[in-house]
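Colleague: Got a structure here, written out as C-alpha cells. Questions coming.
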Amino acid sequence: MKGAYTNPRFFLAMTVMLAMAAALVQAQGTRVGFYARTCPRAESIVRSAVQSHFRSNPNIAPGLLRMHFHDCFVQGCDASILIDGPNTEKTAPPNRLLRGYEVIDDAKTQLEAACPGVVSCADILTLAARDSVFLTRGINWAVPTGRRDGRVSLASDTTILPGFRESIDSQKQKVAAFGLNTQDLVALVGGHTIGTSACQLFSYRLYNFTNGGPDPTINPAFVPQLQALCPQNGDGSRRIDLDTGSGNRFDTSFFANLRNGRGILESDQKLWTDPSTRTFVQRFLGERGSRPLNFNVEFARSMVKMSNIGVKTGTNGEIRRICSAIN
C-alpha cells in the first residue's frame, strides 16, 4: 500500500483527479477538504474504520462500494440507503444482500465522539467507498465532501437501479438521466472487479436459457465450472466471485473475463456483446488498435461524477447523529 504514495504515476493520477474534482463539484457545493477546519481527522477516522473491518472481513470492501452506488442512484448521494424502517431502501430486493452497514456505524460513532454533529453519513459512505477501492489495490483519489443526509427513504424508489438482466440501452438511459455517459457506465460496472454474486442472480443463464442449453454468450468451457458451483435447484444464496480468478483485487481482469465470455451477470457480459460498450472494455484493456484508457484513473473520475448526483448541501437535508435513523 505504501508504494502507491511514491509511485510517479500515482501522483500524476492524483493531480488529474484534484483538478477534475474541483471543476466537477464547484456548482454542487461540495469540495475537497470540506472538513479541514471543522473535523480535520474526519477522513482518517473513516479510513481507519474501514481498514479495521477489512482486516477481519475483506468482503466489506465490495459491499461498501455497491452500497454507495445504490445510494447515489436513489434520491441522490444522501445516505438514504442507511435508514432503518419498514419499506425503506434498505428493505428493497436490490439492497437486501448489501454488506457493510456496521462499518458506517462504527465510523459514525467515532466521528460523533471527535466532532459531534459535523460529518454527514453521506460523506462517510462516499469516503468508505473510495477507501474500499484503495484497500483492494486500486487507486486513491481526492473525494469532495460537504454532503448532507436525506430524510426520505422509500423501497419503491429503487426501481431506478439497473438490474442484472438489463439491456445496455436501458442501462445507458438510466445513467444518462444522472449526467453519466457510456464510458462512465462501463467504468462503474468495472467495480465488479471486486466482490461476489449469489447464484440466484445468474444461475438461470446455466440451464434452459435458450433451446434447453446455457446462455450462448458464456464461454462453453466455463459453463461446467459455473454449474459445479451453482447446481440446478442448489443453494441460491451461495456466492461466487464476479471476477473469476481476481475477485479480491481491483484491476482490469474483470474486463478480460468479459472478453473471454466469462462474465457472471448477464448485464455484465452485455458490456462485451454490445458494440457501444465493447469499445470501452477494449480501451480499458489496452487492446491493440484501440485508444487505451487507464481504468483506475477513469474509474475515479466517474466515481467523483457519480458521488455528486443529487447531493444536498447548505441548508438542505440534515446531519444525522445515527446513520440508521432520521433526526
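Placement of Cβ uses the backbone N, Cα and C atoms for every residue, glycine included.
Here's the feature list from TrEMBL:
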{"type": "SIGNAL", "residues": "1-27", "note": "signal peptide"}
{"type": "DOMAIN", "residues": "29-327", "note": "domain 'Plant heme peroxidase family profile'"}
{"type": "DISULFID", "residues": "CYS39-CYS115", "note": "disulfide bond"}
{"type": "SITE", "residues": "ARG66", "note": "site 'Transition state stabilizer'"}
{"type": "ACT_SITE", "residues": "HIS70", "note": "active site, proton acceptor"}
{"type": "BINDING", "residues": "ASP71, VAL74, GLY76, ASP78, SER80, GLU89", "note": "Ca(2+) 1 binding site"}
{"type": "DISULFID", "residues": "CYS72-CYS77", "note": "disulfide bond"}
{"type": "DISULFID", "residues": "CYS121-CYS323", "note": "disulfide bond"}
{"type": "BINDING", "residues": "PRO162", "note": "substrate binding site"}
{"type": "BINDING", "residues": "HIS192", "note": "heme b binding site"}
{"type": "BINDING", "residues": "THR193, ASP243, ASP251", "note": "Ca(2+) 2 binding site"}
{"type": "DISULFID", "residues": "CYS199-CYS230", "note": "disulfide bond"}
Colleague: What's the CA to CA span in angstrom from ASP71 (Ca(2+) 1 binding site) over to CYS77 (disulfide bond)?
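Modeller: Here the two Cα atoms are 6 Å apart.
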Colleague: Between the recorded positions CYS72, GLY76, GLU89, CYS115, which lies closest to ASP251 (Ca(2+) 2 binding site), Cα to Cα?
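Modeller: Going through CYS72, GLY76, GLU89, CYS115 one by one, the closest to ASP251 (Ca(2+) 2 binding site) is CYS72.
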Colleague: Whole-number Å only: compute the distance from the Cα of ASP243 (Ca(2+) 2 binding site) to the Cα of CYS39 (disulfide bond).
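Modeller: Spelling it out, the Cα of ASP243 (Ca(2+) 2 binding site) and the Cα of CYS39 (disulfide bond) are 38 Å apart.
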Colleague: Among CYS77, CYS323, the disulfide-bonded residues in question, whose Cβ has the most other Cβ atoms within 10 Å in this structure?
Modeller: CYS77
Colleague: What is the set of residues, excluding THR193, ASP243, ASP251, whose C-beta falls within 8 angstroms of the centroid of the C-beta atoms at the Ca(2+) 2 site?
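Modeller: My list of surrounding residues reads GLY190, HIS192, ILE194, SER246, GLY247, ARG249, PHE250, THR252, SER253, PHE254, PHE255.
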Colleague: Which has the fewest other Cβ atoms within 10 Å: CYS39, CYS72, CYS115, CYS230, the disulfide-bonded residues listed?
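Modeller: Taking CYS39, CYS72, CYS115, CYS230 as the disulfide-bonded residues, the minimal 10 Å Cβ count falls on CYS115.
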Colleague: Within a 10 Å radius around the Cβ, which one of these recorded positions has the most neighbouring Cβ atoms: ARG66, HIS70, HIS192?
Modeller: HIS192
